[in-house]
């Protein structure tokens, strides 16, 4: 979908240079169709980078997508210019009377903390509760997925002995499932986390199903059977160099971290990482937008309800 974003947003230039179709407001108004309204609750520290990654995957298909960027009020990002936040972001209080076709809740580097100890936890739970009646399909990513499973289903996270970091092979559990339609028998997805959720906990919830998993990385995609809530345990949105940048950051902090698996050529951190998940990621995000959102959301957005 051509994505409707402000011309001044850094992602506009980045995506245009990649030959991805982006649309400014004036052009969007000349198309007599209802755009999909997608909100992004961006909890990542480097918000501009996360914007670029997610908007890239929401772009370049036949329909319009109108994006609203949301930041938390209870915690102000220390890694994104305040001018950028003031210009392009809004607060939940400003949009909570609206309805959206989709919501993306990103990951955040807070997974080793207890959920209730996180500064913005109360605000996040208010948003997740609101999403049940104001969002048609909510996509939770990595820590956002763990937070969503904990809030909605009381599914805990467990600390791993060693951080999972790398690009891992996955399989599809149901080849007829809409979210995984078109994926190869074996496909790759990056993971980067210190915690996990367990299969036996998810299997106790009849409303949930595990659509994809990995021998090395564990569960990847969990979804409600009606697709109103989707949970990605990995990071299909990551760019080629994101895992590298995270590894170098952790090493500079003095953390005892291993080189991301199946990523660098011959484990040489000076090499250009292998980008082996771009195709599968495009399919996964496209499937969410098409099958979980566009094909089922009501034409009158005000009809969205729990």
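A Cβ is built for glycine as well, from the same backbone N, Cα and C atoms used for every other residue.
Now, the feature entries from Swiss-Prot:
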type     : residues      : note
ACT_SITE : 142           : active site, acyl-thioester intermediate
ACT_SITE : 235           : active site, proton acceptor
ACT_SITE : 237           : active site
BINDING  : 163, 192, 249 : substrate binding site
SITE     : 111           : site 'Important for acyl-CoA specificity'
SITE     : 192           : site 'Important for substrate specificity'
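Overlay of Swiss-Prot feature records on the structure.
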{"residue": "111", "record": "site 'Important for acyl-CoA specificity'", "Cβ neighbours (10 Å)": "21"}
{"residue": "142", "record": "active site, acyl-thioester intermediate", "Cβ neighbours (10 Å)": "28"}
{"residue": "163", "record": "substrate binding site", "Cβ neighbours (10 Å)": "21"}
{"residue": "192", "record": "substrate binding site", "Cβ neighbours (10 Å)": "23"}
{"residue": "235", "record": "active site, proton acceptor", "Cβ neighbours (10 Å)": "23"}
{"residue": "237", "record": "active site", "Cβ neighbours (10 Å)": "26"}
{"residue": "249", "record": "substrate binding site", "Cβ neighbours (10 Å)": "13"}
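Distance from the CA of the residue listed as 'active site' to the CA of residue 249 (substrate binding site) is 19 Å. Inclusion criterion for the recorded positions 111, 142, 235, 237: a C-alpha placed within 10 angstroms of the C-alpha of residue 192 (substrate binding site); this criterion is met by 142, 235. Shown in sequence order, 165, 193, 194, 243, 246, 247, 250, 257, 260 are the same-chain residues outside 163, 192, 249 whose Cβ sits within 8 Å of the Cβ centre of the substrate site.
Candidates 111, 163, 235, 237 (recorded positions) were compared with residue 142 (active site, acyl-thioester intermediate); those inside 10 Å Cα-Cα are 111, 235. Recorded residues residue 111 (site 'Important for acyl-CoA specificity') and residue 163 (substrate binding site) have their alpha carbons 11 Å apart, per Cα-Cα distance.
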